[in-house]
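Asker: Take a look at the following structure, please.
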Amino acid sequence: MSSYPSGPPLVSEALFNLLTWVFIIPANAILTIMGVLSNLANIIVFVNMTPIDTMSISFTALAVSDLIFSIFSVPYLIINILIEIGIKDLYNVDLRSLIFTIFLFQKPLFHKISITIVTFVSVERSLCVMRPFLIKQIFTRRRVTIILAAIFFSFIIWMMPAMVTVELVWIYPFNRTAPLLVRRTRPEHALAESIVHLSAGFPLVLITQVIIAISAVLMASGLKRHQQFRQAASSASKSADNKERPVLKNDKCKSVEKSPTSNPTDEQPSKTSITESSTPTETASNKEQRLIKTVLVLAIIHVALNFPQLLFYIASFLVPEYRSFKRYNNLYILSSAIINLFNSVNGMVNTLVYITLNTRYRVIFNKFFLGK
């Protein structure tokens, strides 16, 4: 066991290795494969979904982001397994340098894009609960596509300085006969990395989770109001039907005879039922309510799975020794691995939500993958 100047670690080397091989690595492998397959299925289904609406566009963008995240997770997992079994370099390439060069920013980049897309979708649906007709006019398919493309490009451009200031170079170690490809950072990398962590780290996760939580509350309250209104309207309609007097044949005959001074409009009964007169000017249709339920469940799952990441950031800030190569190194690495598992779950659980709550998705999914 490594010596720690500030005291013993909370997680021993034996426990760390046990959790890594028994839980972390197998779970990561399963979730990564499921993430790739499920998001490929999501893209196929939403691309073939007609008519194309704003929600299918948003869900497609979310699936693309989650798919890229899962694809980056495959080599990341393989390289980590090689390092854990003692293979530090392969084909003259330092594996740790490869991880920190290719996956340090690229893999979290698309997780942050997914966070932002879920935030946008949650805000859109929460507004749609209150003003469905107005929001449909504001968030058109073209505008939603532009917003989603802007999310992708803005994050890539924002994190580009931190990614391009890291490079792989050949060195010639004195204890090796062959050169070794290792990671090297440029002088400006420290500043670029600090900017990314200060803007796209804890502040981004905190702000987006608060917005998603507020949107989820608005969606839940809106759905409750719609359900209460429909129940009240249905009860009022049944009560009115029971009170109506049945029309007799003689009554029909009498109604045909009109006096010369009678107004034709007086003979026409009102066609506005109690349900129609009680309906608010803007109410969500059954389809809209199903979409709102889908986004609501996604929002709740998203907040629950990203909450440990907030705790991780707070612990890193409050406890100086909760870092790599510090006293709580094993706990820090283990926490990072568990958070990565939550991110992987977040990237593949959407498919289960769509199948359960989205009828159009379920029909197309069964057609393409189950032959029904």
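Note: Cβ is positioned from N, Cα and C throughout, glycine not excepted.
Note that TrEMBL annotation is computational and uncurated.
TrEMBL feature annotations, pasted as is:
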type	residues	note
TRANSMEM	20-47	transmembrane segment
DOMAIN	38-354	domain 'G-protein coupled receptors family 1 profile'
TRANSMEM	59-78	transmembrane segment
TRANSMEM	98-123	transmembrane segment
TRANSMEM	144-174	transmembrane segment
TRANSMEM	194-220	transmembrane segment
REGION	234-285	region 'Disordered'
COMPBIAS	240-257	compositional bias 'Basic and acidic residues'
COMPBIAS	258-267	compositional bias 'Polar residues'
COMPBIAS	270-284	compositional bias 'Low complexity'
TRANSMEM	295-319	transmembrane segment
TRANSMEM	331-357	transmembrane segment
Asker: Sequence gap of 6 or more, Cβ distance under 8 Å, 3 or more pairs: do the transmembrane segment (331-357) and the transmembrane segment (20-47) meet that?
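Answerer: Judged by the Cβ rule, the two regions touch, with the required three close pairs present.
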Asker: Quick test of the contact rule: Cβ under 8 Å, at least six residues beyond the ends. What residues does that give for the transmembrane segment (59-78)?
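Answerer: Answer is 25, 28-29, 32, 35-36, 39-40, 42-43, 46-47, 99, 102-103, 106-107, 110-111, 113-114, 117-118, 121, 148, 151-152, 340, 343-344, 346-348, 350, 354.
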Asker: Under 8 angstroms, Cβ to Cβ: which one of 98-123, 144-174, 295-319 has the largest number of such pairs with the transmembrane segment (194-220)?
Answerer: 295-319
Asker: Are there residues at least six beyond either end of the transmembrane segment (295-319) with Cβ under 8 Å to its Cβ atoms? List them, or say none.
Answerer: 55, 115, 118, 121-122, 125, 201-202, 205-206, 209, 212-213, 215-216, 219-220, 223, 328, 332, 335-336, 338-339, 342-343, 345-346, 349-350, 353, 357
Asker: If I take every residue in the domain 'G-protein coupled receptors family 1 profile' (38-354) and average their pLDDT values, what number comes out?
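Answerer: Mean model confidence (pLDDT) across the domain 'G-protein coupled receptors family 1 profile' (38-354) is 83.
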